[in-house]
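Asks: Structure in structure tokens, see below.
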Amino acid sequence: IASLVMYLFAEFDDAANLLAANPDATTISIDEPTEIPKQQHSRLQEPGREEDDELLGTDDSDKTELLAGQKKSAPFWTFEYYQTFFDVDTYQVLDRIKGSVFPVPGKNFVRLYIRSNPDLYGPFWICATLVFTIAVSGNLSNFFIHLGKPTYHYVPEFRKVSIAATTIYAYAWLVPLALWGFLMWRNSKVMNIVSYSFLEIVCVYGYSLFIYIPTAILWIIPEKVVRWVLVMFSLCLSGSVLVMTFWPAVRDDNRRIALATVGTIVVLHALLAVGCLAYFFDAPELDYPAPIIPAHNVSTVITKSR
């Protein structure tokens with residue numbers, strides 16, 4: 001112990017002599033950690049791009065998410081591969097539905113809700129619920145419009161289910177497929193274009209259709225003004241989710257191409273909403289002929305066709 005104490009005092013004397021010889025010498029304390037200087041490129045970053053990096057994600061975060069996704073990847077012919085698309089809980093689905101109904105300005109829906117774990121569970125059941133909601137509400141609307149007319153005989157139109165299913169599922173899959181292919185093509189032309197995965201785009205489109213489920217129920221109200229106000233309100237909410245999601249991805253492209261891309265997304269979304277309202281709820285009324293009452297002095301012949 002005595003030798004250790006003498007060694008420590010010797011080290012202390014050497015340090016004191018060094019400081020006396022050179023007062024500007026730098027000493028390092030064991031208790032105080034050294035500070036690591038920040039990267040210089042972060043200081044030179046444009047102020048307008050910081051928000052975009054938050055919306056679209058940085059390279060480090062994308063690499064981390066990519067490595068996280070590779071850990072659970074499996075061959076596409078196995079059941080485990082498709083099981084990952086439905087690996088969500090109720091709270092995640094409800095949170096994404098809430099984000100699609102109440103979009104936050106300046107927030108990217110993919111970056112905020114989807115990119116950590118994109119799923120097909122929510123989009124599939126949202127589209128299925130919307131199909132039956134539109135078909136049932138359209139039949140009820142037709143029934144209430146003609147209710148009380150003696151010449152009207154209600155017949156349920158089951159073909160509306162198949163028409164609604166074809167329209168909604170084709171929109172929820174074909175439009176994202178075309179948009180994904182377009183973004184991949186533009187990414188090969190312009191390096192700054194951010195391409196979402198096909199699963200992320202399908203997820204965005206699927207959740208954006210949720211607002212039309214309560215809207216379709218309210219379309220039963222037999223007032224055209226109320227219906228068109230509801231469709232415009234729903235279109236603004238769901239359309240804003242799509243615009244805020246895809247505009248940051250294409251805004252670095254050619255100005256005309258970027259505006260045309262976003263405009264096409266909004267127009268197709270509006271055509272779906274307006275087309276469903278016009279076909280299932282605002283169909284033209286048919287003139288039902290009045291029943292023919294035969295005269296008493298005229299004999300009628302009833303023929304049966306086989």
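Any Cβ shown, glycine's included, is placed from N, Cα and C.
What TrEMBL says about a protein is an automatic prediction, not a curated fact.
Per TrEMBL, the feature region 'Disordered' maps to 29-61. Taken from TrEMBL, the feature compositional bias 'Acidic residues' covers 49-59. What TrEMBL lists as domain 'Yip1' is 101-273. Summarising the annotation, TrEMBL assigns transmembrane segment to 120-141, 161-185, 197-222, 228-250, 257-281.
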Asks: Take the C-beta pairs under 8 A between the transmembrane segment (197-222) and each of 120-141, 161-185, 228-250. Which stretch has the highest count?
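Replies: Looking only at 120-141, 161-185, 228-250, the most contacts with the transmembrane segment (197-222) come from 120-141.
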Asks: Same chain only, please: residues at least 6 beyond the ends of the transmembrane segment (120-141) with a C-beta under 8 Å from a C-beta of the stretch. Say none if there are none.
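Replies: Beyond its ends, the transmembrane segment (120-141) has Cβ neighbours at 85-86, 88, 93, 96-97, 156-157, 160-161, 164-165, 168-169, 172, 199, 202-203, 205-207, 209-210, 212-213, 216-217, 219-220, 222, 276, 280-281.
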